[in-house]
Amino acid sequence: MPLRLDVKKKLLARSDRVKCVDLHPVETWMLVALYNGNVHIWNYENQQLVKSFEVCELPVRCAKFVPRKNWVITGSDDMHVRVFNYNTLERVHQFEAHSDYLRSIAVHPSQSFILTSSDDMLIKLWDWDNKWSVKQTFEGHTHYVMQLVINPKDNNTFATASLDKTVKVWQFGSHTANFTLEGHEKGVNCIDYYHGGDRPYLISGADDRLVKIWDYQNKTCVATLDGHAQNVSAVCFHPELPVIITGSEDSTVRLWHASTYRLETTLNYGLERVWCIHALRGSNTIAIGYDEGSVTVKLGREEPAVSMDSSGKILWAKHSEMQQANLKTLDAAALEQMQDGERILLSIKDVGSCEIYPQTLAHNSNGRYVVACGDGEYIVYTAMALRNKAFGSGLEFVWGADPSEYAVRESTSSIKIFKNFKEVRTLRPDVIMEGIEGGPLVAARSANALCFFDWETGSLIRRIEISAKHVYWSDNAEMVAIASEDAFYILKYNKEAVENVTAADIDGIEDAFDVVGEVQESIKTAIWIGDCFIFTTDLNRLNYYVGGEIVTIAHMDRPLYLLGYTPKESRLYLCDKDHNFVSYRLLLSVLEYQTAVMRRDFDTANTMLPVIPRDHRTRVAHFLEKQGFRKQALVVSQDPDHRFELALSLGDLKLAYDLAVIADSEEKWRQLSQAATLQSELMLAGECLGRARDYGGLLLLATSAGSVALLSKLASDAELSAQHNSSFLSYLLLGDLDRCLEILILTNRLPEAAFFARTYCPSQVDRVVSLWKEKISCRILEGQKNIGESLAQPSKYPNLFSGFNETLKAERFLKELTKLPIKASARPPINTERNILGEMAEAEKSGALIFNEDGGAELLRNENAVLDSRIIEACNTATDSAFLSGNVQTILNSSRALLTTSTTPLSQISSKIMHKSSTTPDSQTDSTAVTSDSSKSLSGQYIYTKPLSHMSHISLEITAPTDINSDIAEDSEEEEGNLVDVAMGPDIVRDRARPDIVPSDGGPDVVESALQPQPEEKGGRTDKWMMEEELVNQITIKRPRFCQH
């Protein structure tokens, strides 16, 4: 009977004449050498051109992959061998190899050698590890050497085909051929070795249109294949299938049975003459090169013919040879210690050969019989002794749930049902069948429908409009999975509805199946374990589906095919196409627990949980989390990372904190800080940010909380950790501009430091410019011009810095001015909107500002200036517009008006604000305060502050210095016991020292003044003010009350 191999075209790429093809062993790539001098690499899975090489202007007759070096080696008609890196497209090497056209290249499978043959009748051996030197030259042919092939079973020998009508076999180390095979009447074009270990065969094709098979041990011709109408240009023994592939200039590719030498299939893709064929070892893919392009096809199925029964016996076919192994012989202790995915070393037993070439093997439900199906036939064997029990012709064979029932698809329109090896009925579905499926119901698959039939009556149970690829039944016959090309569907079979039905329509019984779930996954193989559906995907993932959720068991490094499951060992067994067996542990208790959870049978689930080992509970916890049972998942999980994530999601900050302490991971501290911030646990958030060394987050927290102490510590810690950006910004917010300048100097940012000093602290400009010039001079090479001399310093070139002395005075003026407070409700303009020099001149003219001999500035040091309680009262009773405008002269005029009527002159009075931590952090009270330095009288300058959430108490004490009369001192002591506490929140803007300002053309935005009145609209306040008022109204606003002197 014929092989009946399915031939599926994967790629058809039209191009110039193809002289050579090769397949990559790992990637899905086909290498194509073209007559026009180019080399292409195609991906035959997605039909895309991956890479292209422009080799030369002449034909490239041979090209090969060297995967271990990431190379493509080409030989062309310019007599050169070229080596390219196929990842970078870089040409690695090239050299002249022969004195005539290169015809063939062979890469040694293990050594750093390549063989080349040419029209100069020579074969040369090259060593790329020895700078591509010639290791050996082989002479003996008297005409062109068309092709050479290394023996896959003995890498020290190779064979060549020549137009001198001979085939020669050579050995490395010998300059002459071991022997010559003669028999072709015309020149031999192609040659290949048989890959199996059972036959020492060579195959050759020649211009006499014949294909000959040689026994190179006996040096005789075993068979001759006659059928091509033109020269035979390519031959190939398929390395996996019992197939011989030949190509000819008659435009056909013929597939022959490797054992019977019978013609099986003829392929003609209409691309003119065939020039080359290549088959990939370990795959069913073959590549063919034509005059007008190249084709990649897949023969048969790559899934191995292997079957496992419920007791653990595995039977598989290697070509026509049957082999067996028993999993019960494995050592239990070794199996327990075995890692998932580790190869299992089995004791293999040869059980004989099969009369057909099996494409599928399958045990029946009780494991007593096994069927081999292929070549259009089936044979049922006893599983123990592999004796024939039944046989027949058929395209496909499936077992029923009853071990005595089976079905055979005879053609596309008929199915024969057997019971106890006797035919009982024939089904003729009204569809053109592409396949059949077994199980509790027999199913017929077509291109667009799936029909289920009853085994006993043959009646239609249900017709489903779906293009199905496979059907998988659970052991209890309650669940069924229908797999299509890109998805699978889980259905529940209603056996009672089928048994109780009275009438059915044209599509069968409507209530026979209920859809449970749909998953967009492409299934390769699958089995059921209870209510859990285990499957492998095209992406080499091993998953299981339970209750609408997919759980990934493992990511596999190669395609693996499911065999079965042994509940006693809790092991899932798989194999690859080379019959290497592996296992993965999958506890039955876990599957049963998950099934109970999905059914919401929590009592059963709770009884099963103690049985599950601890090392598997984390997987269960992940499952519970996906189902929404996060609290239970937190209790079950054994993975600290998973428990930390669950604790965060549940808002359990205490547990999350304990886990973060154990892990001590910066990433975990960051996550916990975010969760703590969301719950307003700012103390915890601050600690987490500190442990995470997240200076940016600490900066945000410090500024939001208005904590001067935290901001100061952050500035110093960030500076010690070389986090200069955070440190610089912290010092800037604190108003410590001198420290900001030092950071710029310390980090060698001298140009920025010079501009910073010129803008904010002009008294430091000379020093910074000197350092800048010194740095430049150190880098100057001999003969170069010192460009640092072009930098001017204000002390040496005052003519270039007009008004610089005024900026120095303004800097000192603002140092004093910024020590005075401002109402929190005021909104002063920024410095760029102020006239600093004008303010300074006004204050100096009014006597509120004087400059002493050493250049320092003092506010209101007039000896006649008197401050009594009426000044404080004026401050308290000043209009809102005066406070909001912050006009210096307005406040001073109010003060002077009261002073003119005062009868108690005082030489000096100072006020001091005392801050105490609030004992009621939830208090939301805003207040304003007016303070002055101990050596200064009250000034009208106010600084804008913002309300804070954490409140403090503020008290004002009027004291007198010790160098004045005792009466005043006594009065001050008396008043000390009468401090009035006013609820007040600590304010980072108010509490910090104010930065120094360069006045003439503005200063930093962080320093604000209250000298300009706020704009008002026709209806009163601006929209912006009204928005702020809404926020401020949420807290209680109080002004500080001053003690009367």
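Every residue, even glycine, has its Cβ placed from backbone N, Cα and C.
When averaged over the repeat 'WD' (11-52), pLDDT in the model lands at 94. The repeat 'WD' annotation in TrEMBL covers 11-52 (among others).
According to TrEMBL, the repeat 'WD' annotation covers 95-127 (among others).
Feature annotation from TrEMBL assigns repeat 'WD' to 138-180 (among others).
Residues or ranges marked as repeat 'WD' in TrEMBL: 181-224 (among others).
What TrEMBL lists as repeat 'WD' is 225-266 (among others). When Cβ-Cβ distances below 8 Å are used as the criterion, the repeat 'WD' (225-266) is approached by residues 2-3, 5, 7, 152, 189-195, 201, 203-207, 209-213, 272-284, 286, 288, 290, 299-300, 319-320, 357 of the same chain, each at least six residues removed from its ends.
The domain 'COPA/B second beta-propeller' feature in TrEMBL is assigned to 319-576.
Taken from TrEMBL, the feature domain 'COPA/B TPR' covers 593-773.
The annotation region 'Disordered' is assigned in TrEMBL to 910-936 (among others).
Look at TrEMBL and you will find 917-928 tagged as compositional bias 'Low complexity'.
The region 'Disordered' annotation in TrEMBL covers 996-1021 (among others).
Long-range contacts of the repeat 'WD' (181-224) within the same chain: residues 143-144, 146-153, 159-169, 230-239, 244, 246, 248, 258, 261, 281, 319, each at least 6 residues beyond the stretch ends and with a Cβ under 8 Å from a Cβ of the stretch. Note on the repeat 'WD' (181-224): DSSP counts are 0 helix, 25 strand, 19 coil. Residue counts for the repeat 'WD' (138-180) under DSSP, split into helix (H, G, I), strand (E, B) and coil, are 0 helix, 22 strand, 21 coil.
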